[in-house]
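These notes are about the structure you will find just below.
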Amino acid sequence: MAKHLFTSESVSEGHPDKIADQISDAVLDAILEQDPKARVACETYVKTGMVMVGGEVTTSAWVDIEEITRKTVREIGYTHSDMGFDADSCAILNAIGKQSPDINQGVDRADPKEQGAGDQGLMFGYANNETDVLMPAPITYSHKLVKRQSEVRKDKTLPWLRPDAKSQVTFAYNNDGSIAGIDAVVLSTQHREDVSQADLIEGVMETIIKPVLPAKWLSKDTKYFINPTGRFVIGGPVGDCGLTGRKIIVDTYGGMARHGGGAFSGKDPSKVDRSAAYAARYVAKNIVAAGLADRCEIQVSYAIGVAEPTSISIETFGTAKVAEELLIDLVRRHFDLRPYGLTEMLNLARPIYQATAAYGHFGRNEFPWEATDKAEALRADAGL
């Protein structure tokens, strides 16, 4: 008998908020490619026929904001005016200014290792052992569904798909925390006007849902909701405006872990909202990979202009194999969580961010914060 249900959602790269995230991170990458020490805070707003890019930047680099924006929108798939949003004809407004010298004064140091945090704040990292990437299953499979939607749209397996899509997966859990199965699946996808509802439902079920969701978790009682409104022709920035940083739960753990509130996209690594959240994931994943806990949530916090974290705390939900006080001591000894230290530890001062801006920042092994290279040393130091 399942004790409880838990749901997470994801959105595709063509969702308006994700278009904005990807443009912000594409601008960030272009700047970091020329100037790894740049300070970037890039925000994007998209609506019918227009994109506005704003924020604060301090850099020696020059990048073509208009060309970066058009290229990003084109790669996502908005390439026809009949979609209401066309990479080649949309208006692009550039409202980028310089970063405040007051912030620079707090961050920059004569000794780079003493670089202060770019702002105050609290960040969380999380890992558990219910998937092979040590992520919660609901968000992992929600991402997989919309990623699959993008793949079969772009390779024209389902040529009537359009870029905007959303997924949601509800898992049932047993009393011991193990997965009992999938209770419900929601997949809403934008489509051409000429496809029938019957063809759409069959195509989505056979080409997207069944290849992605493990059969062992599906049953006759699993509920499927495919385009439950019956029509999703108007989508993307025509249907809704999009803004950088509005999908922070999709970007992280799907609600299974707490969130400090800071968004990621468009921010260089001096912004601990982003870099410390990545480092916290790295710490939590290595603790779980080392077998020191089955679930681990770590919180770190910072004061603007101060290098050392103001706090580190760990919650293992009763699954720790050693005392949580020892875990905190291990974290302090094995991980440098100062802004400069974590940037060096994870090699963050380089153009790797646009790829993070759709389908989740965590649980994807191509990113350096997903490595488990500290697990063996942690386990040995813990005496296990």
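A Cβ is built for glycine as well, from the same backbone N, Cα and C atoms used for every other residue.
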- Message: Going by the ATP site in Swiss-Prot, where Asp164, Ala165, Lys166, Arg231, Phe232, Asp240, Arg246, Lys247, Ala263, Lys267 are listed, which of the candidates His4, His15 is also part of it?
- Response: His15
- Looking at the candidate ranges 66-76, 99-109, 143-153, report the one that Swiss-Prot labels region 'Flexible loop'. 99-109
- Compile a sequence-ordered list of residues in the same chain as Lys247 (ATP binding site), six or more apart from it, whose Cβ lies below 8 A from its Cβ; state 'none' when nothing qualifies. Val11, His15, Asp17, Lys18, Asp21
- Item | Residues satisfying Cβ distance under 8 Å from Glu43 (K(+) binding site), sequence separation of at least 6 | Ala20, Ser24, Val53, Gly54, Gly55, Leu243, Thr244, Gly245, Gly266
- Task: Out of Ala165, Arg231, Asp240, Lys267, point to the one nearest Glu56 (L-methionine binding site) in space (Cα versus Cα); all of them are binding-site residues in the record.
- Result: Lys267
- Which state, by DSSP, holds Asp17 (Mg(2+) binding site): helix, strand or coil? helix
